Amino acid sequence: MSKVVKGESRGKKVKGSTSSAFSVTDSESNIWWFVFGAVLVLTFGTRFYKVTEPDHVCWDETHFGKMASWYINRTFFFDVHPPLGKMLIALSGYMTGYDGSFAFSNPGDKYTDVNYVGMRVFCTLLGAAIVPFCFCTVWEMTQSLTAAAISASLILFDIGTLTLTQYILLDPILLFFVMGSVMGMAKFNSYSDQSFSKPWWFWLTFTGIMLSCSICVKFVGLFIVVFVGLHTIYELWDILGDLTKPISYSVKHFLARALCLIVIPAMLYAFFFYIHLSLLNKSGHGDGFYSSAFQSQLKGNSLHNASMPRELAYGAVVTLKNQRTGGGYLHSHWHLYPQGVGARQQQITTYSHKDENNKWRVKKIDVEPEKNDPVQIVKHGDLIRLEHISTMRNLHSHDEVAPMSRKHYQVTGYGENGTGDANDVWQVLIVDGKKDEVVTTVSSRLRFLHFLQNCVLTATGAQLPKWAYEQQEVSCNPNLRDKNAVWNVEDNIFPKLPNVSFDVYAPSFLERFFESHAVMLQGNAGLKPKEGEVTSRPWQWPINYRGQFFSGQPYRIYLLGNPIIWWGNILFLLSFLLVFISSMICEQRGITISDPSFQERQQRLKNSGAWLFVGWFLHYVPFWFMGRVLYFHHYFPALLFSSMITGIVLTYILDTILLYVPERVKASVFHWVVGTILACTTYSFILFSPLAYGMAGPLANDPNSTMYSLKWMESWEF
C-alpha cells in the first residue's frame, strides 16, 4: 500500500545487521553519502566564513578570553561554571601561539598583534560539528534520510546557532558535548542486538565521556545527563521484561551502564577538576571567594607559605572571613550609610577581595593596648572591641534596622580614634567551644555576640546598592543560630607570639573539589544582571522575541534565530503532540495501515520524536523555575531538540500524505515538498545572514537601512 520513496530506508533487515540497520541498495547508500557530504561542505563553509571577523572582542569573549589568559598564566580565578570549556579554549590558544598577554578588558577592544584566531577556530570547529552530529543522530533513531537531512538543515541554516558558535565562548563547546551525548546514545542503541560487542562498548563509553564533558562545561549539562539517564532506565526496564533471558543478563546490562555512564564519567569529571586546581596555582582576583585553607595553596597569596601566630592575642591585627560559601571579609571604609538608611554612621560590609580596609585590631573592652603590655590570649566567652585599622572606628551595632534585612539590626563603624560606647562590645564565642578555650587562627569557628542587643554578627549575602559599591550586607541577627554568622581569623599579625606554618591547614584535593562546587553553585544562584544588560525570560525564547548584540557599530553582529526555522519549530512541536495523541487514539481503536513496513517506519518516527520531545522539555522547562538571571542563549540546547523534532514530524506527515498520492506522481510530490522546505530554509538563511556575518550602516528601524524590510518584530534591535 505504501512504497518507500527514493532516499528512504527499506523494510528488510540485512543478515547480521543491528536491530536498527535496514538494508539499503548501493544506489541508496550513494545517496546517503552524497547528502551527508553536502551537509558537511555546507556546514564548514557557512561556519568558517568570516570566522576572523570582527577583529575585536565580541560580547562574552571578554570573559572567556580573559579566563584562557589566566589558565595560560596559571592565575587562579573564580567563575560560576566548571572548568573544562575554559581549559579547552586556553589549550587551543596555547597550541596556536597565544601567549596569554591580552587583557580582554572590554567588548570592542581591537585584537592588535594578538593571536586570537586559533581560539575562534577551535570553538567554531566544535560548533560546526553539531550539524553532522544531528544528522547522524536522527538517522540512527529513525533510519530516515529525509528526517536526518531536514533536521540537520534546520540547524545548519539557523542564523542564531551560527552566530553563537563562531566566537570564543562556552556555548559551542557545550552544544558539541550535548549533541555528542545524544548521538552516542542513538548509536549505542543501534547495537542493542549486539550486546557487549566492541562497538556496543565503544558507543556506551563514548556517551559517558560526552555526558561528563557536558556537565564539566556548564552545570546545565545536568539536563542531558537526566535525559540519557531516563532513556537508560527505560532500556533496562525493557531488558528486564525479556523473559527469554536470565536475570543475570539484566544485571550485566545494569553493571555495564553503571560503569560507563556513572563511574567513568564521575572519575573523568573529578580528573578535570584535578587538572584545573593543579594548573591554577597562583593567586588571583578570585581568592577571596574561598576559605583561608584553600587560599594557602595559591602562590603569591598572603597565606601561601605564610607563618603567623597560632593563637589570637589582644592587640593583634586580624582579618575576619565569613565562613558562608563564597563569604567575604569583614570590611569598612570612610563612607557613611546614606540618609534614611538607619543611623548615618560608617558603612560595614563584606568584601570578597584582599584589601587594607579588611584589617581590624582586637582590643579589650575597657583598656587601650600599650606597646609593653604582657601578652594576653583571647578565649571563648571574652568581651572584646574590634577597631577598624584605617578609620579607627569600632565595630558597632544598635537598635536600628539593617539596610536590606529588615528583621536584623544595623552594623556600623562608630567612635573616634578607637573611643566609642557600650554598643561596641562583642562577646567572642567559639562554635561548640568550652570555657577558657583559646581562639586560634583559621581553625576556630567564631560567632560575635553583641553584648547589649543580643544578636550575632552576620554576613547576609544580600548585595547592597551603589552607595556601598555593591558590596554585601553585614547585619546583627537576633537569630543566634544563623549559619551565616560564623567567622574565622585569617590574617593574624602579632610580633610578640611565635609564628607557625600555614601548611598545617592545607586541604586535600577532595576538600578543595567540594569547596569549589559549593562556591560555584552559590555564585550561579546569585547571578544578577549588570546595569544596562539585556536579559530575558523563558517565554520569550521560542518565539525569538529579542536577540542580543555581539558587536556594536560600525560592524554589528546580532544574535537572533532564523525566524522561519524558530517559528516553524513551535508549529511542529505542537503538531507532534497532535500527531502523537491522534496516533495513540487510532491504535487504541484498532485503526491501522495494512503495510507492516510503513507501520514500522511510522512507529520509529513517533518513538524518536517522543524521546526528543522529552529532551526539549528537560532543556527548556527548568528555566521557568530558576531565580538567577537568564539570557537568550540559554535556549539553544533546547533548540537542537526542537529542530530534530521538526525534521521527524515533517517526515511523518509527508509519509502519511504520500499514502494517498497516486504512485506515478509520488516521487515528484516527495521531491517538490522536500525541495520547497530546503529552499525556504536556505533563502531565509541568505536573507538574515548579515546578522551573523556583519551589518553596517543605519539600524533596521531606519528606512534607509538595508535590513529595514527584515525587522518583523518591534523588539528586534538590529
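Placed from the backbone N, Cα and C atoms, the Cβ positions cover glycine too.
Curation plays no part in TrEMBL annotations; they are all automatic predictions.
Residues or ranges marked as transmembrane segment by TrEMBL: 31-49 (among others).
Residues or ranges marked as transmembrane segment by TrEMBL: 117-139 (among others).
Residues annotated as transmembrane segment in TrEMBL: 145-162 (among others). Outside the transmembrane segment (145-162), and at least 6 residues removed from its termini, the chain residues within Cβ reach (under 8 Å) are 5, 7-9, 28, 31-32, 35, 39, 42-43, 46-47, 127, 130-132, 134-136, 138-139, 175, 544, 547, 559-562, 565-566, 568-569, 605, 608, 636, 639-640, 643-644, 646-648, 650-651, 654, 674, 677-678, 681-682, 684-685, 688-689, 691-692.
Annotation comment: TrEMBL describes 200-233 (among others) as transmembrane segment.
Residues annotated as transmembrane segment in TrEMBL: 254-275 (among others).
Annotation comment: TrEMBL describes 309-365 (among others) as domain 'MIR'.
According to TrEMBL, the feature domain 'MIR' maps to 375-431 (among others). In this model, the domain 'MIR' (375-431) carries an average pLDDT of 93.
Secondary structure of the domain 'MIR' (436-492), assigned with DSSP and counted as helix (H, G, I), strand (E, B) and coil, comes to 6 helix, 27 strand, 24 coil. Feature annotation from TrEMBL assigns domain 'MIR' to 436-492 (among others).
Here TrEMBL flags 564-586 (among others) as transmembrane segment.
The transmembrane segment annotation in TrEMBL covers 607-626 (among others). For the transmembrane segment (607-626), the residues of the chain that approach it from at least six positions outside its boundaries are 138, 141-142, 147, 182, 220, 223-224, 226-227, 230-231, 538, 541-542, 573, 576-577, 579-580, 634-635, 637-638, 641-642, 644-645, 648-649, 652, judged by C-beta separation under 8 angstroms.
Residues or ranges marked as transmembrane segment in TrEMBL: 638-660 (among others).
TrEMBL lists 672-693 (among others) with the feature transmembrane segment.
In this chain, the transmembrane segment (117-139) lies apart from the transmembrane segment (200-233): fewer than three C-beta pairs between them fall below 8 angstroms, excluding pairs fewer than 6 positions apart. With a threshold of 8 Å between CB atoms, the same-chain residues lying at least 6 positions outside the transmembrane segment (638-660) that come near it are 1-2, 5, 130, 134, 137-138, 142, 144, 146-155, 158, 160-161, 175, 178-179, 182, 541-542, 561, 565-566, 568-570, 572-573, 575-576, 579, 593, 598, 601-602, 605-606, 608-609, 612-613, 615-616, 619-620, 666, 669-670, 673-674, 677. If one looks beyond the transmembrane segment (200-233) by at least 6 residues along the same chain, the residues whose Cβ comes under 8 Å of a Cβ in the stretch are 81-85, 170, 173-174, 177-178, 180-182, 184-185, 187-189, 191, 194, 256-257, 260-262, 264-266, 268-269, 272-273, 520-521, 524, 611, 614-615, 618-619, 622, 634, 637.
Counting residues 6+ beyond its ends, the transmembrane segment (254-275) has Cβ neighbours under 8 Å at 82-84, 87, 196, 201, 204-205, 207-209, 211-213, 215-216, 228-229, 232, 236, 509, 513, 516 in the same chain.
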